[in-house]
Structures are given as structure tokens and as C-alpha cells.
Amino acid sequence: MDVPSNPLVLIGPSILLVFALYFLAFWMSDKRRRHLLFFAVAVFLFCLGALSQMLKIPFDQGINALVSAFVYTLSVLLLCDGLLRRSGKRISGLLYCVALFFVVGGIAYYFYVERNLFVRIYILNFGIGLIFLFTLWQLHMLRRGSVPEKMLFWLLLAFTSQFFIRTGLTANSLLETPAVFSESQFWLILQFSLAVFGVAFALAILAVVVSDKVSTLEVERAMDPMTGLLNRRGFTEQAERLMQNAQEAPLCLLAIDIDHFKRVNDSYGHPVGDNVIRGIGEIIKRVAGPAALCARLGGEEFAVLSPRTDLAAATQLANDIRATIRDASFAGIPATYEVTVSIGIKAAKSHYTLERLLLNSDEALYRAKRAGRDRVEA
């Protein structure tokens, strides 16, 4: 093992190692986001490749070139795969194999068959640059994303560009002598650019990771975990915004309550009752459509706020929901038992508050209950 003549080159890998630990910690806190593990492993491998080159482990120059090229390329593939997986895409196993074969195979050929340091440098840098360029093309939609996503896109563009520009401008300054290589202009600029761009790029990824985490927490805070519908808090926040933007457009609120739900729990058990709640939530969401705000307000109570819907259309929607639920089957419920709901409807007026709309729709719901249940009252 050799100690680098300029210990400052170790600063970049040391800082990036801290980022790897951060990504690993984020993944351990939410293992559903597998792309975070890809980030952690990718950054760790990049640091390993850098240390392999700097400390000359393994010492044999040819083996060192192959090991570091393999580790660098794999780290870039994992990093890009993580970025793509975050956006619902991925790098195929075939692309992994092709990229590693051409980069590592090219390095091996131009070391053991036709020894040429310049070609090896171009193969490694342009190979990595092309992987980043492919990823950049796949993630072009980030230009129109959130602020952290836009920052990530443009830093990825800058990071990708430097593999081509830096190599073209500095590779000719190299000498073939290995002892001079570690002190050459190319090597020093390479380490400086990777430290600066690498840390900036890692910061951009970390900013996106934190932004994703905050967004996830906000969504979970507004969601009912059992049904996937909005909870009361989320419904209140979104409904108030919807009512403010609706202006003079018609808008109706449906208050929905499961009939005799206590009987379901007492007769068939709470797990079956939970199945009924989940099933009814799915039906409400499907029948109401994507434009409607659907929520579970608590217990067996649901609400649907339907924009651009007059009273006649809301009544038809309510009857569709009621009939679909009555005809549905639920796990654990005998075919002889009909699960039904009662629904109250209130059409909003321009001066109505959400609180008043909820109160009036509840009054209509109670009328439906008193009239015999499995009914719609407006």
C-alpha cells in the first residue's frame, strides 16, 4: 500500500463516505424506498474504487486498473439505477453486463495487449459519461419537477459533461510513467473535479431524498392507512382548497355511513369489519372517480366531495355507490347478509363553509337512517 503524495486527494472520498452512511440510514428508516440502498452502495463503491487507485491496492498496476475500473463502473451503474428506480424506471441486467464488459474489457485489452494509457483513460471516462448521459436522457422530466429535482437534473448534466470536457482538455498532459501519473495535471484536476462535482451531486441527491421523505410524511399524515382514502385532516385541507377554487361551479358533498356496522363487528369479528371498511373504501373511490375527494372520516363514516356536480348528478352518484356496495361481497360476510350504506347529500352554495356543508349533509344522512337505511336523502 502506498500513501498518496498529496493527502488532500483523500478529502473527497472521505466526505462521500459520510453521504453513503446518510443514504444507508435513510434506507433503514424506510426500506420501501430501495433506491436509497442503491445510492448508499454506489457511493461506498466509488470511495472504494478511489482508495484502490490512490493507495495502489492491489499493488500490481494491471490488476489495479481492472479492479478500480470495475468498481467505478459498477458504482456509477448502481447510482444511475437508483436515480431511475426513484422515478419508476430501472437499468436492466443486460445493460449492467454490457457496460462492465466494454469498460473493463477495454481497459484489459489496452493494458495487456496494446498498452496505451491514453486510450484506457478515454474508455473509463467516456464510458462512465455515457452511462450518466443515458440516465440524464431518461430523467429529462426532472427539469419540470420540484426545486430539488431541478437542481439534481442540472447538477447531473454538469457532472456528466465534465467526464467528456475534462478528459478532452487534460488527457494530453499525461506521461506514460506511472510515478508521474499521480502528480500529473490530469490526475490532480480529476481528483479536484470529482471532489467538487461529486460532493455537489451527492448534496443534490440528499436534498431530493429529504424532499421525498417530507412529501411522504405529508401524504401519510393526510391518509387513512386502512382504506388509502383521505383522513379527516387531509379531507378538510383539500376540501377547503377545492371549495375556494370552485367559485360558482356546482359542488356536492355525500355523507356515507355503513348501516348496522356494530352488528357486523359483533357477529363476524373486527377483522371482518375491517375487510368491509376496506372494501367499501375501494368501491367509493372507484365509483366516485378521480376528480372527487374521497375520505374516511372515522369509524364507519365516509365522505365524498364531488366538484362540478349538481344535485341530480350527485343523487345518481350516491345511488350508484349504494347499489354497488349492496351487491358486493366481502370476505368473511355470508352471502345471505347484505352490507348496505345510507347516504346524505348537500349541494354547496357560494357562501357555504365546509363545516356547514358537513353539518347539512349529516342531517340528510340522519334522515336516510330514520327512513329505514339503505337510502339516499338530499
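The backbone N, Cα and C atoms fix where each Cβ goes, and this holds for glycine too.
Lifted from TrEMBL, the feature list:
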DOMAIN    249-378  domain 'GGDEF'
TRANSMEM  6-24  transmembrane segment
TRANSMEM  36-55  transmembrane segment
TRANSMEM  61-81  transmembrane segment
TRANSMEM  93-112  transmembrane segment
TRANSMEM  118-139  transmembrane segment
TRANSMEM  151-169  transmembrane segment
TRANSMEM  189-211  transmembrane segment
Other parts of the chain folded back onto the transmembrane segment (93-112), taken as Cβ under 8 Å at six or more residues beyond its ends: 61-62, 65-66, 69-70, 73-74, 77, 119-120, 123-124, 127-128, 131
Average model confidence [pLDDT] within the domain 'GGDEF' (249-378): 91
The transmembrane segment (36-55) versus listed stretches 61-81, 118-139, 151-169: most Cβ pairs under 8 Å: 61-81
Secondary structure content, the domain 'GGDEF' (249-378) (per DSSP, counts of residues): 61 helix, 30 strand, 39 coil
Residues of the parent chain within Cβ reach of the transmembrane segment (61-81), under 8 Å, 6 or more residues beyond its termini: 35, 38-39, 41-46, 48-49, 52-53, 90-91, 95-96, 99-100, 103-104, 107-108, 111-112, 120, 124, 127-128, 131-132, 134-135, 178
Distant-in-sequence neighbours of the transmembrane segment (118-139), which means Cβ under 8 A and at least six residues beyond its ends: 65, 69, 72-73, 76-77, 80, 83-84, 87, 89, 99, 102-103, 106-107, 110-111, 153, 156-157, 159-160, 163-164, 166-167, 171-172, 174, 186
